[in-house]
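Below is one structure, written out as C-alpha cells; comments come after it.
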Amino acid sequence: MSVAKKEYKRVTVKSLIEMKQNGEKISMLTSYDYSMAKIVDAAKVDVILVGDSASNVIAGHETTLPITLDQMIYHASSVVRAAKRALVVVDIPFGSYQSDSKEALRSAIRIMKESGGHAVKVEGGEEIKDSVKRIIDAGIPVMGHLGLTPQSIYKFGTYTVRAKEEAEAKQLKSDAKMLEKLGCFGLVLEKIPAELAKQVAESVSIPVIGIGAGNGVDGQVLVVHDLLGMTHEFNPRFLRRYMNLYEEMSSAISQYVDDVKSRDFPNEEEQY
Ligand SMILES: Nc1nc(=O)c2c([nH]1)NC[C@@H]1CN(c3ccc(C(=O)N[C@@H](CCC(=O)O)C(=O)O)cc3)CN21
Ligand SMILES: CC(C)C(=O)C(=O)O
Ligand SMILES: [Mg+2]
C-alpha cells in the first residue's frame, strides 16, 4: 500500500502518533556517531535510536550491560549534532534506572541536558512503572521496550523469541496498555510472535515499533550496522541485509594495504 507521506521538517513525538493515525509506517534505525547519523538522517529515517547496542556493536562487549550513562551521552551528543530531521531517542543504559525512580529521573535528565536528545527509551513493564511515570512527569518523552529486553538477558539466558506462552503474552499486553496509560509516546516490541505484536499495536493508540515482531505493527527498527552487513556474524531471521559492507570494506582495506606495500600509493598526484 502506498500512503501519501506528509513532509516533516522535524519529526516529533506528536508526528509519530499522527503517522500511526494516518497509516504511515514509521522507520527507525540506530546510530551511535555523527558520520553514520548524517547519512541516516539524510535518508529521512523518522527516528534515530542511540541504542545501548553500542555496547556490542561499538565497544565489542558480549551484552548491553556494560555500557555506561556517560558513554551513552557521548554517543547521543554526536548523533544529535548530525540529526536535522529525525527524532533522536536515547536508550537509558542498564544500572542507571533500575534502583529507584529518582535515579531513573536523574539519568533521563542527564541524557536530555548533556546530549540534547529528544526522548529516552527504557526496557520493562510493571517493574519500572514508577520510574516511567516520574520521567514523563518531568516532561521527558519516554518510549517503552517490551518482549526481548537485552538488559535482562541473564534472567532468561537466551535471545529466543519471547511471549510464546499465554501467561507471558498476557503480561506483555497488560504492560503495553499500562505504558500507554502512563503517557509513553511509543513502544518497541522485540522478537515476539507477529500475531501478538499485531494485537498489541491494534490495542493502543501510540505507535508500536517492531524488531522481529512482524508486519502488523506501526513501524520497524533495526541496528544500522546489521542492515548494512557490517556485523556479519549476527544472523537472526528478522534481519534483512541490504548490503554486505563487511566484504566491501575488507576488500577496499586489503587493496589499500597492497597499494602501500607495492608502492603504488601514493602516486604523483597524491603528493605535494
Ligand atoms: N548488532 C546488534 N543488533 C541487534 O539487533 C541488537 C544488538 N546488536 N545488541 C542488543 C540487542 C540484542 N538483540 C538480539 C540478540 C540476539 C538475537 C537473536 O535472535 N539471536 C540468535 C538466536 C538466539 C536463540 O534463539 O537462542 C540468532 O538467531 O542470531 C536477536 C536480537 C537485539 N539487539
Ligand atoms: C534493538 C533496539 C530496539 C535497541 O534497543 C538497541 O539497538 O539498543
Ligand atoms: Mg537497546
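In case you wondered, yes, glycine gets a Cβ from its N, Cα and C as well.
Positions annotated as active site, proton acceptor by TrEMBL: E190. Mapped onto three states, the DSSP output places E190 (active site, proton acceptor) in strand.
For K121 (3-methyl-2-oxobutanoate binding site), applying a Cβ distance below 8 Å and a minimum sequence separation of six or more within one chain yields L49, V89, V90, D91, I92, V142, M143, G144, H145, V188. According to TrEMBL, the feature 3-methyl-2-oxobutanoate binding site maps to D52, S53, D91, K121.
In sequence order, T64, I67, M72, D91, P93, F94, P150, Q151 constitute the residues six or more apart from D52 (3-methyl-2-oxobutanoate binding site) in its chain with CB-CB distances below 8 Å. Summarising the annotation, TrEMBL assigns Mg(2+) binding site to D52, D91, E123.
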S53 (3-methyl-2-oxobutanoate binding site): tally of other CB atoms within 10 A of its CB: 21
Of D52, S53, D91, K121, E123, binding-site residues neighbouring ligand 1, Cβ under 6 A: S53
Those recorded positions in D52, D91, K121, E123, E190 whose CB falls under 6 A of ligand 3, listed in sequence order: D52, D91
Number of other Cβ atoms within 10 Å of the Cβ of E190 (active site, proton acceptor) across all protein chains: 22
